[in-house]
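Q: Pulled these features from TrEMBL for this protein:
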type     : residues                                                   : note
ACT_SITE : Asp88                                                      : active site, proton acceptor
BINDING  : Asp6, Ile7, Gly8, Asn9, Thr10, Arg11, Thr12, Lys13, Thr112 : ATP binding site
BINDING  : Tyr79, Gly86, Leu87, Asp88, Arg89, Thr164                  : substrate binding site
BINDING  : Asp109                                                     : K(+) binding site
Amino acid sequence: MNLTIDIGNTRTKAALFEGSKLLHVFYKVLPTQLTDYKIDNVIVSSVAQADGLKWKEAFGLANYLNFSQQTPVPFRNHYATPHTLGLDRIAAVVGAMVLFPQKNCLVIDAGTCITFDLVEASADYRGGAISAGLHMRANALHTFTARLPLVENLSPTPLIGTSTHEAILSGIVNGTVAELEGIIGRYEQQYADLQVLICGGDAAFFESQLKKTIFVVSDLVHIGLNRILEYNNEL
């Protein structure tokens, strides 16, 4: 079995695969919770090198791959600064290529930040955009003003806010939805037969708000990590 591990700033998420088939996803997982499984191959994507080493020690007999910007991937990277490209962005793009091979794909990751990444049907990665996520926008309005409150429950709201709380909600939620629809629309003008995928913590929320057709894949990063692991084993 293949084990994919994504270690973020606040939590660790892991997934088990048999070949390309996703078997199980684990949230807030520790290495000791998975030692009973017969793991043959492990890939770790981590914001901190030390955290990744804990997993390597736990699965010492398995083939271990520490995922980095230098790891070979199954696309041609046209990013001007490939060493700065986020690992989750790379993995999500590869995941999109697994699900929609030989299609133009726009990958949106809606979490702390909202990222947009374009990979062409020819397996050429072109780049994308980075924007502030919903909660980052709410925190910024509160932090960088004297009197605006922190709005934490970011729920759908009418366009016209009738209180300061509602006005902040409208600006954040409706403004971000309009931003996503506008950016998706501009990509659709440039790329025929565009497949739009979204992942990340706010993916389901945006799916319910966007008028555009999008495909929600909550485990897109892990699907991509698994493919990167297999791709490197094939080299």
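Using N, Cα and C of the backbone, Cβ positions are placed for all residues, glycine too.
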Q: What's the CA-CA gap between Asp6 (ATP binding site) and Leu87 (substrate binding site) in angstrom, rounded?
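A: Computed Cα spacing between Asp6 (ATP binding site) and Leu87 (substrate binding site) is 9 Å.
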Q: C-alpha of Thr112 (ATP binding site) to C-alpha of Thr164 (substrate binding site): distance in Å?
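A: Taking the Cα atoms only, Thr112 (ATP binding site) lies 24 Å from Thr164 (substrate binding site).
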Q: Report the nearest neighbour of Leu87 (substrate binding site) in space among the binding-site residues Gly8, Thr10, Thr12, comparing Cα positions.
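A: For Leu87 (substrate binding site), the spatially nearest of the binding-site residues is Gly8.
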Q: Considering the binding-site residues Arg89, Asp109, which residue's Cβ sits among the greatest number of other Cβ atoms within 10 Å?
A: Asp109
Q: Taking 10 A as the limit, how many CB atoms besides its own sit near the CB of Tyr79 (substrate binding site)?
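A: Other Cβ atoms found within 10 Å: 16.
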Q: Which of these binding-site residues has the least crowded Cβ, counting other Cβ atoms within 10 Å: Thr12, Thr164?
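A: Candidates: the binding-site residues Thr12, Thr164. Fewest Cβ atoms within 10 Å: Thr164.
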Q: Quick one: of Tyr79, Gly86, Asp88, Arg89, Asp109, Thr164, which recorded positions lie within 10 angstroms of Thr12 (ATP binding site), measuring between C-alpha atoms? Sequence order, please.
A: none
Q: Would you please pick out, from the binding-site residues Thr10, Thr112, the one with the fewest other Cβ atoms within 10 Å of its Cβ?
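A: So among Thr10, Thr112, the binding-site residues given, the one with the fewest Cβ atoms within 10 Å is Thr10.
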Q: What is the separation, in Å, between the Cα atoms of the residue listed as 'K(+) binding site' and Gly8 (ATP binding site)?
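A: About 14 Å separates the two Cα atoms.
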Q: Indicate whether Tyr79 (substrate binding site) is helix, strand or coil by DSSP.
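A: Going by the DSSP assignment, Tyr79 (substrate binding site) belongs to neither helix nor strand, so it counts as coil.
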